[in-house]
Amino acid sequence: MSRTRPEHYDGLQILLHWGVALLIAGVFSLALIFDDMPLSPAKFGLISWHKWLGITVLALAVLRLAWRGIRGAPAADTSLPAWQRGLATGVHHLLYLLMIALPLAGWLMSSAKGYSVVLFGKIPLPDLVGKDEALGHLLKEAHELMAWTLLVLVALHAAAAIKHHVIDKDTTLARMLPFLRRKTS
Amino acid sequence: MIKPLVLATLLLGAAGTSAAAQTLAPGKSSLEFTFSQMGGKVDGNFKGYTGKINFDPAKPEKAQAQLEVDLNTIDVGGADGNAEAKKKAWFNVAAFPKATFTATSVKALGSGKFDVKGKLTIKGISRDVGGPLTATQSGDQLELKGSVAVKRLAFQLGEGAWADTDTVGDDVTIRYKLVLIGKAD
């Protein structure tokens, strides 16, 4: 399949990138907050929002991948060394993988623990597996491990973007933040 | 001193069982309940309960049933939830370790179906409850399967912040399957 890759990310890709970034930050923060809380209606509320926003990340990640498949995404700056382009691509792939696998593990874990997810309290989602305490515990471990991995990858991804903008002074970050585009090129 | 005591206990025990012609087979029976939590259905059960039931489907007007539930055996699907359910705001098992049900009337509706009414006491609060029952005889086993719909707040289950029914719904469905062995008096 040969196809010319677009020059820029389009508006939808930029909007989804930052929207999902904000959602991930929110979902992660919610988990950190409710994890140590004793059981209370407030905790149930936070857990529910964590689930609902996590499922939203899953849906938007699928949408992003679909649109990326249709429209394509710009290639990394060819002036960059091959190992950097390879590393960036690898991290992007892992980020997409985790944006899908992490919420899925959470959804599976909720099902295994016997709690159906009712999206925004309105849309009942199917239980992916039957109630199974041991499986629920295993999925919780997997969910948490993936969450910390995602945090590390996001930090790497953001650090690289800032490094390209501040130290290398190239267009890498400006592709996702159009207002940073420099007049001179 | 110990031996006569043991003997007396055994005799009393034997007298107790011979008085009730039907015995409850706990291994074949179940006592479950379903409630909603953040809009999703959650199943729970009680593992410990005893019953004195005398029920001949041909003579429902003579039916007698007394059930005693050990509330410490509650299982709402997780250790945190089980600990919470025993606390003061919920079942307050330290002060009220048992719930009791006493049937007050059983009416035949035809084809093995009955309408059961009785008094349910939880946390020292008695309420009239009722529901459908299906009786199935197979060999010397009589299976009684039915449900009772109750409102948790009528028994002050979930006080304070937990009284919020958006978090945990007011409606609770109790489902029972009681297998009786032997003939009714």
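Each Cβ is built from the backbone N, Cα and C atoms, and glycine gets one as well.
For A:8-178, the entry in TrEMBL reads domain 'Cytochrome b561 bacterial/Ni-hydrogenase'.
If you look up TrEMBL, you'll see A:12-34 (among others) marked as transmembrane segment.
What TrEMBL records for A:46-67 (among others) is transmembrane segment.
Residues or ranges marked as transmembrane segment by TrEMBL: A:87-109 (among others). Packing against the transmembrane segment (A:87-109) from elsewhere in the chain are residues 20, 24, 51, 54-55, 57-58, 61-62, 64-65, 76, 117, 125, 128-129, 136, 139-140, 142-143, 146-147, 149-150, 153-154, 156-157, 160: each is 6 or more residues past its ends and has a CB under 8 Å from a CB in it.
Residues of the same chain lying 6 or more positions beyond the ends of the transmembrane segment (A:145-162) and with a Cβ under 8 Å from any Cβ of it are 21, 24, 28, 31, 88, 91-92, 94-95, 98-99, 101-102, 105, 172-173, 176. According to TrEMBL, the feature transmembrane segment maps to A:145-162 (among others).
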